[in-house]
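**Student:** Just passing along the structure, written as structure tokens.
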Amino acid sequence: MADIAEQLIEKLQTLETSIFEGQDATRQKLALAARKLFHTLETKEEKTMRLAIEEPVMFSVLQALIDTGLFEGWAAAGGGERDVTELAKLSKRDVEPELLRHQLRLMAANHIILETANDRYAPTPYALAIGDKSTKVAPALRIRTDHVAPCAMHWPDFLAKTNYRKPRDDKASCYIDTFPEKKSFFERCSANPVHQESFSSFMDVWAKGKRPWPEFYDTQALLDGADLSNGSPFVVDVGGHHGIDLMRVAEKHPDLPAGSLVLEDLPDVVGAVHLTTDKIRTVAHDLFEEGVEQPIKGARAYFMHAVLHDWSDETSVKILRQIAAVMKPGYSKVLINDIVIPSTGASCYQAAMDCLVLQASANERTEAVWSKVIKDAGLKLVKYYPDGRGYESVIEAELP
């Protein structure tokens, strides 16, 4: 058995991710198998140490190093192997080398950087990505500091205070209860540019890591049945944030008329969007503004990506009803790109996102719950289109 283990270790140490080019499903399966193997081999003592000490300390050190500008300075200098003293000088802040020495050891132990010799380190591709502003990785990581970690730490106390009942009220969530402002997630983002930046950056990084929805939903069939004469809209991305999902539609269908794709979000969000195509136009719209209906009527499709999972079932029904009111019978579709929790075997990604949004009194949904939400909104469920990775699906619905 020892010989088999040694052979396996040797093979794993020479594994290059380049062999999975164009085979992401295979890469993902191997990563999940490796994760399962890790948890199988880990003892209860090791797991306790990792959960209680290693993981929270690792991220706090990573955030501190990002704040010093180390990764940014390292990337700007071309990367490369450096000693601790050199790295201290590359930092944007005046960092004591001895302090840096302690923290770099932990980064190397967690494969954020590589230890090449005593007091010498080289950046991994991920470390360089943290230092590259164009990737938005560094501000995306800050979502944990700004939003996720404080709320997660408050979660046990919140549940005790609410007698261990599932939170369903958007206005009385754990998130609101966590912070002194007593504001919802989106209200805090609107009030603080730093909080908005970490959220927007995370959404950008998160979206780029997902499979583009036109790859697993037939947008060509949707287009074939569309009437785009007289400026009629093709797809309205409701709460579309940065517009990446519409960009993917534009890339797949380069002959779409100008303005046929509509990006809808709050005024400050669409005001910060920089689009590189005339096929997409922006419309400022607040889903919750009293007395204001959906401004784009009779579109071929109303698309929402990771929008409804931010809200309770009751609020999600209200959002869908607002859209249903302006849909064209027999023509318009609602396309919900979101997590569909399987009845068994939910992935860590799916289950973690479920518990994350639960802290905002929302939840991810099973097929049964999605069916009820859609029916309660006066719509008819047509079909689920899974992404093939076990992350998300496109849920198609229409007027009955």
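Yeah, the Cβs are placed from backbone N, Cα and C, and that goes for glycine too.
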**Student:** If you look at how Swiss-Prot annotates this chain, which of 101-121, 122-142, 185-205 comes out as region 'Substrate binding'?
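**Tutor:** Matching range for region 'Substrate binding': 185-205.
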**Student:** Quick check: of Asp218, Asp265, Asp268, which does Swiss-Prot put in the same S-adenosyl-L-methionine site as Gly239, Gly240, Asp286, Leu287?
**Tutor:** Asp265
**Student:** Under a three-state reading of DSSP, tell me whether Asp265 (S-adenosyl-L-methionine binding site) is helix, strand or coil.
**Tutor:** strand
**Student:** Within 10 Å of the Cβ of Asp157 (substrate binding site), how many other Cβ atoms can be counted across all chains shown?
**Tutor:** 12
**Student:** Out of Ala149, Cys151, Met153, Leu287, which of the binding-site residues has the smallest number of neighbouring Cβ atoms within 10 Å?
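**Tutor:** Relative to the other binding-site residues in Ala149, Cys151, Met153, Leu287, Met153 has the fewest Cβ atoms within 10 Å.
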**Student:** At its widest, how many Å does the recorded substrate site span between Cα atoms of Thr145, Asp146, His147, Val148, Ala149, Pro150, Cys151, Ala152, Met153, His154, Trp155, Pro156, Asp157, Phe158?
**Tutor:** 19
